[in-house]
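Asks: Just passing along the structure, written as structure tokens.
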């Protein structure tokens, strides 16, 4: 991090080992990723038989064609974007103030709130009562059903609390109070600007969970036009994989045949779907990264 | 600054030592801060919590939670009396601990390593690439594992054979199941796990580093004595939270890797519940097992938190 | 920044409060109001009602086409004068959704293709949520009535222990397979000079052995996989037949005695046979770990001699071929002839009517239409003139038309009719296929006839209801039993455990309740037989 004037030999050695370690990690992780990309554009036969092991074999774009030929896909992208942005803003609005309050040792009742939240990590009433709650609130088939029941996560509140706890200097708060600064101003004008890293992390954690979420949509949404991307993609996948269920019971030969026609594509689509659904969120990461190195400010504020 | 800050947290500052009411009045805005979260947990968690009682009932959807008949501990007895109860418990616990032992330290090490290199193209790409596997769906992930480890066509097997190593039956041998499960999980989530530590590392005080360099401390020493202590609170909290999920091994990935041959080491509580639930929608039974899990998990968390409280400056409460 | 954050928090609480209030005022008595208008339900003929009525319908949706835009359902509305309002749920979450519907107390008028389990039918029937259908069938369902009269065992199979019928079934008598058949790779047979298929387990063994050793794919490498399977589920039933066992779990023998397969001597013989195949590398060593795709990849690489699938070409690749013969069930020395399982043909729980339905008679007539030739034709193949047309209306002979816009016929059919990939209430009538079958279809049917039906295949155990107590006990028992049995099967076959431990295994199964399984199913069978 800090550029020193001159690196000693042991430092150089350490750095070299460090680079080696990271390079190794890179290779280990990279291989399966390349495999997925290659598999998504290879003829499935070669993938299943193991003949395709690194570079694409029997180039085909059928998987992507099938995914993008679905008329619901762009609509799904739009919905997911909306749910993710609105949902994440709500998450931050609920999580950050609560986490900050819990991090304050002079906050009377923080153990009560902490206990209240922790209990929900372990005990929940199950799907049916939750469904009835959502239904009684009139949220069925609305964005509310997707974001309100997951407005905060205890885990994330605790992680954020820990961050505030260990990075916001106590002196800062006392100085602010001495100056007659209210908690409201303290939080919005001092604490939040100093906490870019944790805000970024929280936004990422919550955002990713909204992005990947499909179960609430499955349960609470009736209108196909409101389906998020993951639902649309699952429908494509489920449709392709129905063949697996046709073994047994009285299912017609027509369907077995239709499924067989698609069996080829089914294994292809699996990989294409991964790429289509995760590329945007993987591409987002480098932009969030820069917030992780802003902690330098704390030192300067303190001084 | 850090250690001092934490000490201050543990003993209330003098300023606030007045009456409780006075302290509450002083910080009234903090209650406002809590309000949204409070309402959320009350409505969406405590509201539906009455559903837990179906663990002691024979739940029939149309009769509702309150209308279904009480059966006492029947579902718990059924679970405890299962032929496989001890196997399930052992498999679940051992997979959890295995995962914790391997999967917990690695993100920390990786985050520290990232932190040592300067911001540049290399750092950005390594970080992004190691983070990407987190998004691979379980179906694709297990599909890859099975194809890489296939004795007839698997990449990994052929690689080992090329090195003259007689490859074990990774997928069929019960002795290998947990390793396959845990290592693939580590592969998938280590990069993702670094994020939280990277954020925590951003709080390192540069002045401390400058002072240490003056004293002639090596990079390695500074990493050990400055960077690591900065993230210790985060590490502790995450460790506590993780142990609070010790019986929470999920079923999806295991189910897809499970087969008749590795069953004795791959069957865990969640897969057992899943299988039982498949036969008919057994809400009561799965709620009962879930309740058992929760109690064990909660006890674990309380214990570990107590230990943390005694031995370090950080704990949940 | 500051205001925005605070604003969001305020918004949230406001939304929550508003939601709470909104939740209080809703109550609904709409269903009954509509019944005010005088509606006459015709006992026969179309349309069914004089005034258009509207019913809500809940079904699993595969997500290809919005149901209200399906030609078949639009046509049905025109013919019957009954407007269906669809309240569907995605197929993959349908079971969850079904439970939520019953929990919330807001029922649709009819359940379509809902796959109601016997337990659900009994529970909800007993509580009056699903209404009994016998009288409606008697008076408003001539087609269903006729089917039940012609096939008394179907009536027995769909009647709950309390004597009521709560759901109509899917009836499929033309499909005789209990499991997908097994198929031989014809090229291998030819290469090894076989013009007669193996008829005994020994002959089968010899054939598989020769496949392994004589390189029938002529690539110079001993890479043949004589018998391939995914988890044995696909081949188990076919091989058990060689030892006089009809099914992998429960079957009734010719003298009405119910057996629990995993403790039978015949089952042990089956294990010994497969163990022999495994030891000599004739059974794919990836049987327990491979995916269906991996199995197919091997077959398409021309390595596999015997396997299971709907049709052989689906595994081997290429076009439908009559050169790959269906597996002829083999027999062991222990039995006089191989026993063969036949499809049950009846799946209950396909259609039900709820108590909130204001027009049960009209609903029954609506669904009954699908059990007749015209309706079945409409729902199975779509309206006339889209994908098919009559070549001879009198003999009901038809031909396929080119698919509009090209593309796959099944894909197009899925946009026309709801009966695609879901257990919809219907009956397969032989006339439906008249003129629409290919030469290959005829050949497959003939293979089934000569190798299975003519050899005396029969249903291993009838479709029937267990009582609630029996169902609960079976559920409890099987969760452990199945795990143990499957695990030991794999161990015996792969040699991880030896047959010296067979007695111990049987004792464990019995201790875990294996004998209760046969007792329970025996009692249920006896009741069914007498009813």
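For all residues, glycine too, the Cβ spot is worked out from N, Cα and C.
Curation does not apply to TrEMBL; its annotations are automatic.
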Asks: According to TrEMBL, which of these ranges is transmembrane segment: B:12-29, B:30-47?
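Replies: When B:12-29, B:30-47 are checked in TrEMBL, transmembrane segment belongs to B:30-47.
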Asks: Suppose you had to name the range TrEMBL annotates as transmembrane segment; which of B:55-79, B:180-204 would you pick?
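Replies: The listed stretch tagged transmembrane segment in TrEMBL is B:180-204.
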Asks: Give residue numbers and ranges for long-range contacts of the transmembrane segment (B:180-204): same chain, 6 or more residues beyond its ends, CB-CB under 8 A.
Replies: 95, 98-99, 102-103, 106-108, 110-112, 114-115, 127, 129-134, 136, 141, 145, 149, 170-171, 226-227, 230-231, 233-235, 238, 253-254, 257, 266
Asks: Given a Cβ distance threshold of under 8 angstroms, which distant residues of the chain, six or more beyond its ends, lie next to the transmembrane segment (B:283-302)?
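Replies: Tertiary neighbours of the transmembrane segment (B:283-302) are 51-52, 54-59, 61, 68, 71, 75-76, 78-79, 240-241, 243-248, 269, 272-273, 276-277, 316.
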